[in-house]
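S.K.: Have a look at this one.
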Amino acid sequence: MEDGVYEPPDLTPEERMELENIRRRKQELLVEIQRLREELSEAMSEVEGLEANEGSKTLQRNRKMAMGRKKFNMDPKKGIQFLVENELLQNTPEEIARFLYKGEGLNKTAIGDYLGEREELNLAVLHAFVDLHEFTDLNLVQALRQFLWSFRLPGEAQKIDRMMEAFAQRYCLCNPGVFQSTDTCYVLSFAVIMLNTSLHNPNVRDKPGLERFVAMNRGINEGGDLPEELLRNLYDSIRNEPFKIPEDDGNDLTHTFFNPDREGWLLKLGGRVKTWKRRWFILTDNCLYYFEYTTDKEPRGIIPLENLSIREVDDPRKPNCFELYIPNNKGQLIKACKTEADGRVVEGNHMVYRISAPTQEEKDEWIKSIQAAVSVDPFYEMLAARKKRISVKKKQEQP
């Protein structure tokens, strides 16, 4: 036995040499195994470091993406710019459209505002966005339900016009032969949206029946009439189930009154009882709201400014007066509503709204601000223009 290692006494010199070689090889293998263990340990440490680094990168990317969505919801153009600059989004219409279509964490009002812009990139994104919608074999109401749920229509007439034109083109491409032209699809789409408002808005008392809906849409199919069965199906669908319009957190009344065009104390002459009452007025979003106190969360009355005009008037009882009125009025009341003392919401009772400002200067400022806010209903304007185009085209085709 040498160094504690047993060695049989009857080994030949050759066997001893072979045994020595085996022992040496064993020692070499043990050293090699130890070296491999150390290398494996180093490799595992490197892998763990890489994984931690990748996890950190993923976390950082997710944080930047969340920041980009927040920026988009506050300012769509700056939000897209931030995402592109941080390589979170490719600067192509198709990729931006896909990002908006998925809509994860995005404010649908902001999506609508971005899609409605007239810049070249926005227009290309709008068409790419519409192309992501599959309308094949859907009737018009079904297609509109899908389309109008993916964003919130902006308020500006020109933006609405571009978006509904893109919708009509896509619908006709997916469903060839249903309508003779995109103009027909465009006009009928607006008629359906207006029908939805008329049937389901509690402030609209005069609910149109099927016959009136059919009559409204006579001659819009390149001068011809659409099948009554088609119109009946659309009417029944809207009557039975209104459009679901996406609501965002930013659309509550608090947000509406957060940054008004003008606000201040004015005197308002009553409708039935001709007494002057001091009210806090807020002008925003083409509406005039009035409150009993500045701290009230809900307005006492709402006056939509669509189709109204404003003029200065002299009143023997109050100075600095102006009026809101309907041009060429034939006895109809201004469409408005107010809240009674018992909480009931009722229609207003004014053919004109007479208002008195504290000073001449404030009167002039209110008149200027209201004139800038007064609007004609874009739906009716655009429908009239498109129907006129269809009519002219039909006359040109006649021999």
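Cβ atoms here come from the backbone N, Cα and C positions, even for glycine.
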S.K.: Identify the region 'C-terminal autoinhibitory region' range according to Swiss-Prot, selecting from 71-79, 314-322, 359-367, 386-394.
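M.R.: Per Swiss-Prot, the stretch marked region 'C-terminal autoinhibitory region' is 386-394.
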S.K.: Can you identify, from 13-56, 233-276, the stretch that Swiss-Prot calls coiled coil?
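M.R.: My reading of Swiss-Prot: the coiled coil range is 13-56.
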S.K.: Can you name the far-off residues of the same chain, 6+ from the ends of the region 'C-terminal autoinhibitory region' (386-394), with a Cβ under 8 Å from a Cβ of it?
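M.R.: For the region 'C-terminal autoinhibitory region' (386-394), the nonlocal Cβ contacts are 181, 183-184, 186-187, 190, 219-220, 222-223.
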S.K.: With DSSP, how much of the domain 'PH' (259-375) is helix, how much strand and how much coil, in residues?
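M.R.: For that range the per-state counts are 14 helix, 47 strand, 56 coil.
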S.K.: In the region 'C-terminal autoinhibitory region' (386-394), how many residues does DSSP put in helix, strand and coil?
M.R.: 9 helix, 0 strand, 0 coil
